[in-house]
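Colleague: Take this structure first; my questions come after.
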Amino acid sequence: MTTPSMEDYIEQIYMLIEEKGYARVSDIAEALAVHPSSVTKMVQKLDKDEYLIYEKYRGLILTPKGKKIGKRLVYRHELLEQFLRIIGVDEEKIYDDVEGIEHHLSWNSIDRIGDLVQFFEESDERSVQLKAIQKKNEQTNQES
């Protein structure tokens, strides 16, 4: 079982490897805004739990288990960003909101949000209807 902190590291490592082909402790530390020694400790724990293989001074690679969860975590993050865009959350708030909620949702909830995103993507009319409801509610709230 992973903790939210472990998930943040696995997600970041997965993204770095996808983007650059590798992930170094210094890259992870910079991306997560943490001290390299904190990264080393977590990487050692993730190695022990078989999410990755870490060799000091040589770098790290994700195991199949680590790749699988990394891919799923990136999907979750991107899906939640997409969902918040669809429902009209201000762009500058989306990243922080996703970071605040992603670890607190079950995978069942994530799958249902995925269904809802698909529902809106399948018909532009649905998004138009949602925006009309939001506009009406904003006007009602301003009048109150």
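Each residue, glycine too, has its Cβ placed from N, Cα and C.
Feature annotation from Swiss-Prot assigns Mn(2+) 1 binding site to Asp8, Glu99, Glu102, His103; the stated evidence is sequence analysis. Taken from Swiss-Prot, the feature Mn(2+) 2 binding site covers Glu11, His77, Glu99, Glu102. The domain 'HTH dtxR-type' feature in Swiss-Prot is assigned to 1-63.
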Colleague: Glu102 (Mn(2+) 1 binding site) has how many other Cβ neighbours within 10 Å of its own Cβ?
Modeller: 19
Colleague: Run through the domain 'HTH dtxR-type' (1-63) and tell me, per DSSP, how many residues are helix, strand and coil.
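Modeller: Output for the domain 'HTH dtxR-type' (1-63) reads 38 helix, 8 strand, 17 coil.
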Colleague: To see if you understand the setup: which same-chain residues, six or more apart in sequence, place their Cβ under 8 Å from that of Asp8 (Mn(2+) 1 binding site)?
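Modeller: Same-chain residues close to Asp8 (Mn(2+) 1 binding site) (Cβ under 8 Å, separated by 6 or more) are Leu32.
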Colleague: Can you tell which of the binding-site residues (His77, His103) has the fewest other C-beta atoms within 10 angstroms of its C-beta?
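Modeller: Sparsest of the binding-site residues His77, His103 by Cβ contacts within 10 Å: His103.
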Colleague: If you draw a 10 Å sphere on the Cβ of Glu99 (Mn(2+) 1 binding site), how many other Cβ atoms land inside?
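Modeller: Cβ-Cβ neighbours of Glu99 (Mn(2+) 1 binding site) within 10 Å number 13.
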Colleague: Please report the Cα separation of Glu11 (Mn(2+) 2 binding site) and Glu102 (Mn(2+) 1 binding site) in Å, rounded to an integer.
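Modeller: One finds 12 Å between the Cα atoms of these residues.
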Colleague: Let's check the environment of Glu11 (Mn(2+) 2 binding site): how many other CB atoms sit within 10 Å of its CB?
Modeller: 22
Colleague: From the centroid of the CB atoms of Glu11, His77, Glu99, Glu102, the recorded Mn(2+) 2 site, which same-chain residues not already listed sit within 8 A by their CB, in sequence order?
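Modeller: Near the Mn(2+) 2 site, the remaining chain residues are Glu7, Asp8, Leu73, Arg76, Leu80, Val98, His103.
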Colleague: Rounded to the nearest angstrom, how far is the Cα of His77 (Mn(2+) 2 binding site) from the Cα of His103 (Mn(2+) 1 binding site)?
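Modeller: Here the two Cα atoms lie 10 Å apart.
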Colleague: For the C-alpha pair, I'd like the distance in angstrom between Glu99 (Mn(2+) 1 binding site) and His77 (Mn(2+) 2 binding site), rounded off.
Modeller: 8
Colleague: Across the whole of the domain 'HTH dtxR-type' (1-63), what does the mean pLDDT come to? Round it, please.
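Modeller: Reported value for the domain 'HTH dtxR-type' (1-63) is a mean pLDDT of 94.
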